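Engineer: Take this structure first; my questions come after.
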(Lines of atoms letter the chains of each structure in order from A and count residues from 1; the text may use other names and numbers.)
(Lines give C-alpha, C1' and ligand atoms only; values in the text may rest on other atoms or scores of the structure.)
Protein backbone atom coordinates (compact mmCIF):
# COMPACT_ATOMS: atom_id res chain seq x y z
CA UNK A 1 0.00 0.00 0.00
CA UNK A 2 1.22 3.49 -0.87
CA UNK A 3 2.15 5.82 1.93
CA UNK A 4 -0.75 7.96 3.06
CA UNK A 5 -0.75 11.56 4.20
CA UNK A 6 -3.42 14.05 5.20
CA UNK A 7 -3.74 17.82 5.09
CA UNK A 8 -6.47 19.37 7.24
CA UNK A 9 -7.45 22.91 6.23
CA UNK A 10 -8.08 24.88 9.42
CA UNK A 11 -6.80 28.39 8.76
CA UNK A 12 -10.01 30.27 7.93
CA UNK A 13 -11.27 32.91 10.33
CA UNK A 14 -14.94 31.93 10.17
CA UNK A 15 -16.42 35.43 10.26
CA UNK A 16 -19.94 34.10 9.65
CA UNK A 17 -19.84 32.40 13.06
CA UNK A 18 -19.76 35.89 14.62
CA UNK A 19 -17.74 34.54 17.51
CA UNK A 20 -14.59 35.23 19.50
CA UNK A 21 -13.86 31.50 19.29
CA UNK A 22 -11.88 30.32 16.27
CA UNK A 23 -14.28 28.54 13.90
CA UNK A 24 -12.85 25.03 13.87
CA UNK A 25 -12.72 25.01 17.67
CA UNK A 26 -16.49 25.32 18.00
CA UNK A 27 -17.64 22.07 19.60
CA UNK A 28 -19.97 19.50 18.09
CA UNK A 29 -21.29 17.22 20.84
CA UNK A 30 -18.66 18.64 23.17
CA UNK A 31 -15.65 18.06 20.89
CA UNK A 32 -14.07 20.72 18.64
CA UNK A 33 -14.90 20.32 14.94
CA UNK A 34 -11.28 20.08 13.86
CA UNK A 35 -10.59 17.39 16.45
CA UNK A 36 -13.43 15.27 15.03
CA UNK A 37 -11.77 15.60 11.61
CA UNK A 38 -8.26 14.83 12.85
CA UNK A 39 -9.35 11.84 14.94
CA UNK A 40 -11.18 10.28 11.98
CA UNK A 41 -8.25 10.93 9.64
CA UNK A 42 -5.82 9.30 12.07
CA UNK A 43 -7.70 6.01 11.59
CA UNK A 44 -6.41 5.85 7.99
CA UNK A 45 -2.90 4.55 8.81
CA UNK A 46 -1.27 7.84 7.89
CA UNK A 47 2.45 8.46 7.73
CA UNK A 48 1.97 12.16 8.44
CA UNK A 49 -0.92 14.49 9.18
CA UNK A 50 -0.50 18.24 8.72
CA UNK A 51 -3.01 20.79 9.97
CA UNK A 52 -2.90 24.17 8.23
CA UNK A 53 -3.44 26.86 10.86
CA UNK A 54 -3.90 30.59 10.62
CA UNK A 55 -6.27 32.56 12.82
CA UNK A 56 -6.12 31.15 16.34
CA UNK A 57 -3.13 28.97 15.44
CA UNK A 58 -1.87 28.57 19.00
CA UNK A 59 -5.32 27.61 20.27
CA UNK A 60 -5.65 24.92 17.61
CA UNK A 61 -2.18 23.56 18.39
CA UNK A 62 -3.01 23.47 22.09
CA UNK A 63 -6.23 21.54 21.40
CA UNK A 64 -4.75 18.98 19.01
CA UNK A 65 -1.32 18.66 20.60
CA UNK A 66 0.78 15.84 19.18
CA UNK A 67 -2.04 14.44 17.06
CA UNK A 68 -0.79 16.55 14.16
CA UNK A 69 2.07 18.45 12.61
CA UNK A 70 1.38 22.07 11.72
CA UNK A 71 1.99 24.55 8.92
CA UNK A 72 1.11 28.23 9.17
CA UNK A 73 -0.88 30.10 6.53
CA UNK A 74 -0.13 33.64 7.66
CA UNK A 75 -2.39 35.17 4.99
CA UNK A 76 -5.60 33.46 3.94
CA UNK A 77 -5.14 33.45 0.15
CA UNK A 78 -7.27 30.46 -0.79
CA UNK A 79 -7.36 26.69 -0.43
CA UNK A 80 -4.52 25.95 -2.86
CA UNK A 81 -2.34 28.48 -1.05
CA UNK A 82 -3.25 26.76 2.24
CA UNK A 83 -2.22 23.30 0.98
CA UNK A 84 0.99 24.78 -0.41
CA UNK A 85 2.07 25.62 3.15
CA UNK A 86 2.47 21.87 3.79
CA UNK A 87 5.08 21.55 1.03
CA UNK A 88 8.02 21.82 3.43
CA UNK A 89 6.69 18.74 5.27
CA UNK A 90 5.14 16.67 2.46
CA UNK A 91 6.60 18.04 -0.78
CA UNK A 92 9.29 15.37 -1.19
CA UNK A 93 7.06 12.42 -0.25
CA UNK A 94 5.64 9.79 -2.58
CA UNK A 95 2.18 8.43 -1.95
CA UNK A 96 -1.40 9.64 -1.58
CA UNK A 97 -2.53 12.77 0.23
CA UNK A 98 -6.10 13.34 1.35
CA UNK A 99 -7.13 16.99 1.78
CA UNK A 100 -9.95 17.60 4.26
CA UNK A 101 -11.66 20.75 5.51
CA UNK A 102 -11.42 21.26 9.26
CA UNK A 103 -15.05 22.38 9.41
CA UNK A 104 -16.51 19.02 8.25
CA UNK A 105 -16.88 17.24 11.61
CA UNK A 106 -19.29 14.57 10.34
CA UNK A 107 -16.91 13.04 7.80
CA UNK A 108 -16.06 9.45 8.79
CA UNK A 109 -12.95 7.36 8.40
CA UNK A 110 -15.05 4.74 6.57
CA UNK A 111 -15.98 7.21 3.84
CA UNK A 112 -12.41 8.45 3.51
CA UNK A 113 -11.13 4.87 3.33
CA UNK A 114 -13.62 4.07 0.56
CA UNK A 115 -12.50 7.17 -1.30
CA UNK A 116 -8.84 6.16 -1.00
CA UNK A 117 -9.69 2.69 -2.29
CA UNK A 118 -11.45 4.18 -5.33
CA UNK A 119 -8.48 6.48 -5.91
CA UNK A 120 -6.09 3.52 -5.96
CA UNK A 121 -8.43 1.37 -8.06
CA UNK A 122 -8.69 4.05 -10.76
CA UNK A 123 -4.95 4.85 -10.61
CA UNK A 124 -6.07 8.48 -10.51
CA UNK A 125 -3.98 11.58 -9.93
CA UNK A 126 -6.91 13.09 -8.05
CA UNK A 127 -10.19 11.73 -6.69
CA UNK A 128 -13.02 14.02 -5.63
CA UNK A 129 -15.44 13.14 -2.84
CA UNK A 130 -18.91 13.91 -4.16
CA UNK A 131 -22.45 13.65 -2.81
CA UNK A 132 -25.99 14.08 -4.07
CA UNK A 133 -27.73 17.11 -2.56
CA UNK A 134 -31.49 17.60 -2.71
CA UNK A 135 -30.81 21.33 -2.89
CA UNK A 136 -27.39 21.83 -4.49
CA UNK A 137 -27.63 25.63 -4.55
CA UNK A 138 -24.26 27.20 -3.88
CA UNK A 139 -22.25 24.02 -4.42
CA UNK A 140 -19.88 23.27 -7.28
CA UNK A 141 -21.42 20.70 -9.65
CA UNK A 142 -19.75 17.52 -10.87
CA UNK A 143 -20.22 17.32 -14.63
CA UNK A 144 -19.60 13.85 -16.05
CA UNK A 145 -19.07 12.78 -19.66
CA UNK A 146 -20.90 10.03 -21.55
CA UNK A 147 -18.63 7.40 -19.96
CA UNK A 148 -19.50 8.55 -16.46
CA UNK A 149 -16.07 10.04 -15.85
CA UNK A 150 -15.58 13.50 -14.37
CA UNK A 151 -15.40 16.06 -17.15
CA UNK A 152 -15.20 19.17 -14.98
CA UNK A 153 -16.29 20.92 -11.80
CA UNK A 154 -18.48 23.96 -12.37
CA UNK A 155 -19.08 26.48 -9.60
CA UNK A 156 -22.75 27.37 -9.07
CA UNK A 157 -22.30 30.97 -10.18
CA UNK A 158 -20.66 29.83 -13.43
CA UNK A 159 -23.05 26.96 -14.22
CA UNK A 160 -25.52 26.97 -17.11
CA UNK A 161 -29.20 26.34 -16.44
CA UNK A 162 -28.72 22.72 -17.52
CA UNK A 163 -25.66 22.28 -15.28
CA UNK A 164 -27.54 23.71 -12.32
CA UNK A 165 -29.99 20.82 -12.58
CA UNK A 166 -27.16 18.43 -11.64
CA UNK A 167 -27.42 17.38 -8.00
CA UNK A 168 -24.02 15.73 -7.63
CA UNK A 169 -21.83 18.24 -5.82
CA UNK A 170 -18.18 18.74 -4.91
CA UNK A 171 -17.78 18.31 -1.14
CA UNK A 172 -14.32 19.87 -0.92
CA UNK A 173 -12.54 16.66 0.13
CA UNK A 174 -9.92 15.26 -2.26
CA UNK A 175 -7.31 12.53 -2.70
CA UNK A 176 -4.19 13.49 -4.66
CA UNK A 177 -1.10 11.77 -5.89
CA UNK A 178 1.25 13.65 -3.59
CA UNK A 179 3.93 14.42 -6.20
CA UNK A 180 1.33 15.61 -8.71
CA UNK A 181 -0.30 17.79 -6.06
CA UNK A 182 2.79 19.74 -5.07
CA UNK A 183 4.11 20.02 -8.63
CA UNK A 184 0.80 21.25 -10.03
CA UNK A 185 -0.03 23.59 -7.17
CA UNK A 186 2.83 25.83 -8.32
CA UNK A 187 0.92 26.44 -11.57
CA UNK A 188 -2.26 27.71 -9.90
CA UNK A 189 -3.04 31.35 -10.62
CA UNK A 190 -4.94 33.90 -8.55
CA UNK A 191 -6.46 35.47 -11.64
CA UNK A 192 -10.00 35.63 -10.29
CA UNK A 193 -12.34 38.11 -8.61
CA UNK A 194 -11.17 37.22 -5.10
CA UNK A 195 -7.48 37.19 -6.02
CA UNK A 196 -7.08 33.80 -4.32
CA UNK A 197 -5.51 30.44 -5.20
CA UNK A 198 -8.15 27.70 -5.37
CA UNK A 199 -7.54 23.97 -4.97
CA UNK A 200 -10.06 22.93 -7.67
CA UNK A 201 -7.76 24.68 -10.16
CA UNK A 202 -5.22 21.92 -9.47
CA UNK A 203 -7.83 19.42 -10.65
CA UNK A 204 -8.49 21.40 -13.82
CA UNK A 205 -4.77 21.58 -14.62
CA UNK A 206 -4.36 17.83 -14.12
CA UNK A 207 -7.42 17.16 -16.28
CA UNK A 208 -6.02 19.35 -19.07
CA UNK A 209 -2.75 17.41 -18.85
CA UNK A 210 -4.66 14.23 -19.61
CA UNK A 211 -4.36 12.79 -16.10
CA UNK A 212 -7.10 10.61 -14.62
CA UNK A 213 -9.58 12.51 -12.46
CA UNK A 214 -11.90 10.18 -10.52
CA UNK A 215 -14.83 10.73 -8.18
CA UNK A 216 -16.19 8.74 -5.26
CA UNK A 217 -19.82 9.45 -4.42
CA UNK A 218 -20.80 9.01 -0.78
CA UNK A 219 -24.38 7.98 -0.10
CA UNK A 220 -24.58 10.22 2.96
CA UNK A 221 -24.79 13.91 2.08
CA UNK A 222 -25.07 14.85 5.77
CA UNK A 223 -21.55 13.57 6.32
CA UNK A 224 -20.14 16.23 4.02
CA UNK A 225 -21.78 19.19 5.78
CA UNK A 226 -19.42 22.14 6.11
CA UNK A 227 -20.01 24.33 9.16
CA UNK A 228 -19.76 28.02 8.36
CA UNK A 229 -22.36 29.56 10.66
CA UNK A 230 -24.40 28.81 13.78
CA UNK A 231 -27.26 27.31 11.77
CA UNK A 232 -24.97 24.72 10.19
CA UNK A 233 -23.36 24.16 13.60
CA UNK A 234 -26.75 23.25 15.08
CA UNK A 235 -27.41 20.89 12.16
CA UNK A 236 -24.05 19.20 12.69
CA UNK A 237 -24.87 18.86 16.39
CA UNK A 238 -28.16 17.12 15.57
CA UNK A 239 -26.60 14.73 13.03
CA UNK A 240 -23.68 13.88 15.31
CA UNK A 241 -25.99 13.27 18.27
CA UNK A 242 -28.13 10.94 16.16
CA UNK A 243 -25.05 9.04 15.01
CA UNK A 244 -23.68 8.65 18.55
CA UNK A 245 -27.03 7.62 20.04
CA UNK A 246 -27.67 5.11 17.25
CA UNK A 247 -24.28 3.51 17.89
CA UNK A 248 -25.01 3.06 21.59
CA UNK A 249 -28.48 1.64 20.93
CA UNK A 250 -27.03 -0.81 18.42
CA UNK A 251 -24.55 -1.85 21.12
CA UNK A 252 -27.30 -2.71 23.59
CA UNK A 253 -27.98 0.55 25.44
CA UNK A 254 -31.60 1.67 25.87
CA UNK A 255 -32.28 5.36 25.24
CA UNK A 256 -35.86 6.09 26.25
CA UNK A 257 -35.94 9.33 24.25
CA UNK A 258 -32.90 9.61 21.94
CA UNK A 259 -33.87 13.09 20.74
CA UNK A 260 -33.54 14.39 24.29
CA UNK A 261 -30.40 12.50 25.29
CA UNK A 262 -26.96 14.03 24.83
CA UNK A 263 -23.94 11.69 24.83
CA UNK A 264 -20.37 12.74 24.08
CA UNK A 265 -18.47 10.93 21.31
CA UNK A 266 -15.94 9.71 23.89
CA UNK A 267 -18.46 8.01 26.19
CA UNK A 268 -18.42 4.23 26.73
CA UNK A 269 -21.66 2.66 27.98
CA UNK A 270 -22.24 -0.98 28.91
CA UNK A 271 -25.02 -3.23 27.68
CA UNK A 272 -28.52 -3.11 29.18
CA UNK A 273 -27.92 0.30 30.70
CA UNK A 274 -30.99 2.55 30.44
CA UNK A 275 -30.68 6.29 29.79
CA UNK A 276 -33.72 8.47 30.50
CA UNK A 277 -34.59 11.79 28.81
CA UNK A 278 -32.74 14.97 29.67
CA UNK A 279 -29.50 13.16 30.47
CA UNK A 280 -26.28 14.93 29.45
CA UNK A 281 -23.10 12.85 29.27
CA UNK A 282 -20.04 15.02 28.62
CA UNK A 283 -16.39 14.20 28.04
CA UNK A 284 -14.76 10.90 28.91
CA UNK A 285 -17.52 9.02 30.73
CA UNK A 286 -17.51 5.25 31.25
CA UNK A 287 -20.70 3.56 32.47
CA UNK A 288 -20.97 -0.13 33.31
CA UNK A 289 -23.73 -2.59 32.47
CA UNK A 290 -27.32 -2.58 33.77
CA UNK A 291 -27.06 0.98 35.11
CA UNK A 292 -29.98 3.43 35.11
CA UNK A 293 -29.22 7.09 34.39
CA UNK A 294 -31.72 9.96 34.44
CA UNK A 295 -33.93 11.79 34.11
CA UNK A 296 -32.17 15.15 33.82
CA UNK A 297 -28.82 13.94 35.11
CA UNK A 298 -25.42 15.29 34.08
CA UNK A 299 -22.25 13.19 34.02
CA UNK A 300 -18.88 14.63 33.05
CA UNK A 301 -15.47 12.94 32.85
CA UNK A 302 -16.49 10.27 35.35
CA UNK A 303 -16.80 6.50 35.71
CA UNK A 304 -20.00 4.82 36.88
CA UNK A 305 -20.17 1.15 37.82
CA UNK A 306 -22.61 -1.57 36.87
CA UNK A 307 -26.16 -1.65 38.27
CA UNK A 308 -25.79 1.87 39.63
CA UNK A 309 -28.87 4.11 39.62
CA UNK A 310 -28.53 7.88 39.23
CA UNK A 311 -31.60 10.12 39.39
CA UNK A 312 -31.64 13.86 38.62
CA UNK A 313 -28.09 14.38 39.81
CA UNK A 314 -24.74 15.84 38.71
CA UNK A 315 -21.43 13.93 38.78
CA UNK A 316 -18.19 15.61 37.68
CA UNK A 317 -14.62 14.23 37.51
CA UNK A 318 -15.38 11.42 39.94
CA UNK A 319 -15.55 7.63 40.30
CA UNK A 320 -18.72 5.79 41.29
CA UNK A 321 -18.73 2.07 42.03
CA UNK A 322 -21.17 -0.78 41.43
CA UNK A 323 -24.69 -1.05 42.88
CA UNK A 324 -24.71 2.58 44.02
CA UNK A 325 -27.81 4.76 44.34
CA UNK A 326 -27.41 8.50 43.81
CA UNK A 327 -30.11 11.17 44.02
CA UNK A 328 -32.47 12.64 43.36
CA UNK A 329 -30.78 16.04 43.37
CA UNK A 330 -27.33 14.99 44.55
CA UNK A 331 -24.10 16.67 43.44
CA UNK A 332 -20.86 14.70 43.27
CA UNK A 333 -18.12 17.26 42.74
CA UNK A 334 -14.59 16.68 41.37
CA UNK A 335 -12.11 14.23 42.87
CA UNK A 336 -14.68 12.15 44.71
CA UNK A 337 -14.61 8.37 44.87
CA UNK A 338 -17.78 6.49 45.76
CA UNK A 339 -17.38 2.80 46.63
CA UNK A 340 -19.76 -0.09 45.97
CA UNK A 341 -23.31 -0.31 47.36
CA UNK A 342 -23.18 3.28 48.60
CA UNK A 343 -26.28 5.43 49.00
CA UNK A 344 -25.98 9.17 48.26
CA UNK A 345 -29.49 10.54 48.69
CA UNK A 346 -31.49 13.64 47.93
CA UNK A 347 -29.83 17.02 48.31
CA UNK A 348 -26.45 15.59 49.29
CA UNK A 349 -23.28 17.31 48.07
CA UNK A 350 -19.98 15.45 48.02
CA UNK A 351 -16.70 17.25 47.26
CA UNK A 352 -13.23 15.71 47.04
CA UNK A 353 -14.25 12.88 49.33
CA UNK A 354 -14.07 9.11 49.43
CA UNK A 355 -16.94 6.85 50.50
CA UNK A 356 -16.18 3.27 51.47
CA UNK A 357 -18.45 0.38 50.50
CA UNK A 358 -22.00 0.30 51.87
CA UNK A 359 -21.82 3.74 53.49
CA UNK A 360 -24.81 6.08 53.37
CA UNK A 361 -25.55 9.79 53.31
CA UNK A 362 -29.24 9.68 52.55
CA UNK A 363 -30.48 13.24 53.08
CA UNK A 364 -29.46 16.89 53.11
CA UNK A 365 -25.72 16.63 53.80
CA UNK A 366 -22.50 18.32 52.75
CA UNK A 367 -19.46 16.04 52.74
CA UNK A 368 -16.28 17.85 51.72
CA UNK A 369 -12.60 16.87 52.00
CA UNK A 370 -13.59 13.72 53.85
CA UNK A 371 -12.50 10.11 54.05
CA UNK A 372 -15.50 7.94 54.87
CA UNK A 373 -14.89 4.30 55.75
CA UNK A 374 -17.11 1.30 55.07
CA UNK A 375 -20.59 0.81 56.58
CA UNK A 376 -20.79 4.41 57.83
CA UNK A 377 -24.18 6.08 58.30
CA UNK A 378 -24.40 9.85 57.99
CA UNK A 379 -27.75 11.05 59.32
CA UNK A 380 -29.91 13.75 57.80
CA UNK A 381 -28.23 17.15 57.90
CA UNK A 382 -24.73 15.86 58.68
CA UNK A 383 -22.09 18.42 57.71
CA UNK A 384 -18.32 18.30 57.49
CA UNK A 385 -17.13 21.79 58.42
CA UNK A 386 -14.01 21.80 56.26
CA UNK A 387 -13.22 25.49 55.72
CA UNK A 388 -12.14 28.14 58.21
CA UNK A 389 -12.15 30.99 55.72
CA UNK A 390 -8.53 30.48 54.68
CA UNK A 391 -7.75 26.77 54.61
CA UNK A 392 -9.48 23.44 53.96
CA UNK A 393 -9.20 20.63 56.49
CA UNK A 394 -9.93 16.91 56.35
CA UNK A 395 -12.52 14.85 58.17
CA UNK A 396 -11.97 11.13 58.69
CA UNK A 397 -14.82 8.81 59.65
CA UNK A 398 -13.71 5.23 60.24
CA UNK A 399 -15.54 1.99 59.46
CA UNK A 400 -18.93 1.40 61.02
CA UNK A 401 -19.32 4.84 62.60
CA UNK A 402 -22.78 6.37 63.02
CA UNK A 403 -23.30 10.11 62.71
CA UNK A 404 -26.62 11.35 64.10
CA UNK A 405 -28.86 13.85 62.37
CA UNK A 406 -27.93 17.54 62.26
CA UNK A 407 -24.33 16.96 63.35
CA UNK A 408 -21.42 19.26 62.51
CA UNK A 409 -17.97 17.69 62.26
CA UNK A 410 -15.46 20.56 62.53
CA UNK A 411 -12.30 19.54 60.67
CA UNK A 412 -9.63 18.48 61.19
CA UNK A 413 -11.31 15.70 63.13
CA UNK A 414 -11.44 11.88 63.23
CA UNK A 415 -14.42 9.77 64.22
CA UNK A 416 -13.15 6.38 65.35
CA UNK A 417 -14.27 2.95 64.20
CA UNK A 418 -17.75 2.03 65.39
CA UNK A 419 -18.20 5.34 67.23
CA UNK A 420 -21.57 7.08 67.64
CA UNK A 421 -22.14 10.82 67.39
CA UNK A 422 -25.40 11.93 68.97
CA UNK A 423 -27.87 13.93 66.92
CA UNK A 424 -27.40 17.68 67.05
CA UNK A 425 -23.75 17.50 68.11
CA UNK A 426 -20.99 19.86 67.02
CA UNK A 427 -17.81 17.78 67.17
CA UNK A 428 -14.52 19.65 67.48
CA UNK A 429 -12.32 16.91 68.97
CA UNK A 430 -11.52 13.38 67.85
CA UNK A 431 -13.99 10.69 68.93
CA UNK A 432 -12.41 7.39 70.02
CA UNK A 433 -13.55 4.13 68.46
CA UNK A 434 -16.69 2.62 70.03
CA UNK A 435 -17.34 5.81 72.00
CA UNK A 436 -20.59 7.78 72.14
CA UNK A 437 -20.00 11.50 71.71
CA UNK A 438 -22.60 14.05 72.75
CA UNK A 439 -21.73 17.67 72.06
CA UNK A 440 -24.85 19.75 72.60
CA UNK A 441 -26.40 21.81 75.39
CA UNK A 442 -28.45 19.87 77.94
CA UNK A 443 -32.20 20.22 77.43
CA UNK A 444 -34.02 22.39 79.99
CA UNK A 445 -37.83 22.28 80.29
CA UNK A 446 -39.51 25.30 81.96
CA UNK A 447 -43.00 24.31 83.04
CA UNK A 448 -45.85 26.61 81.87
CA UNK A 449 -43.37 29.11 80.40
CA UNK A 450 -45.10 29.00 77.02
CA UNK A 451 -48.03 30.93 78.54
CA UNK A 452 -45.76 33.95 79.05
CA UNK A 453 -44.80 33.85 75.37
CA UNK A 454 -48.40 33.63 74.19
CA UNK A 455 -49.36 36.69 76.27
CA UNK A 456 -46.82 38.96 74.52
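From the backbone N, Cα and C atoms, a Cβ is placed for every residue, glycine too.
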Engineer: Say Swiss-Prot lists 386, 387, 423 as binding acetyl-CoA: which of 440, 442 is in the same site, per that record?
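Structural biologist: That acetyl-CoA site, as Swiss-Prot gives it, pairs 386, 387, 423 with 440.
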Engineer: Which of the listed binding-site residues (9, 423) has the least company, meaning the fewest other Cβ atoms within 10 Å of its Cβ?
Structural biologist: 423
Engineer: Would you list, in sequence order, the binding-site residues among 23, 78, 140, 423 whose CA lies within 10 Å of the CA of residue 103 (Mg(2+) binding site)?
Structural biologist: 23
Engineer: Six or more residues out from either end of the region 'Linker' (231-251), which same-chain residues have a Cβ under 8 Å from its Cβ atoms?
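Structural biologist: Long-range Cβ neighbours of the region 'Linker' (231-251): 17, 26, 28-29, 33, 36, 105-106, 222, 225, 258, 261-265, 267, 269, 271.
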Engineer: Could you check what DSSP calls residue 103 (Mg(2+) binding site) once collapsed to helix, strand or coil?
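Structural biologist: The residue in question, residue 103 (Mg(2+) binding site), is coil (DSSP, three-state).
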Engineer: Give me the CA-CA distance between residue 366 (UDP-N-acetyl-alpha-D-glucosamine binding site) and residue 423 (acetyl-CoA binding site), in Å, as a whole number.
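Structural biologist: Checking the Cα atoms of residue 366 (UDP-N-acetyl-alpha-D-glucosamine binding site) and residue 423 (acetyl-CoA binding site) gives a distance of 16 Å.
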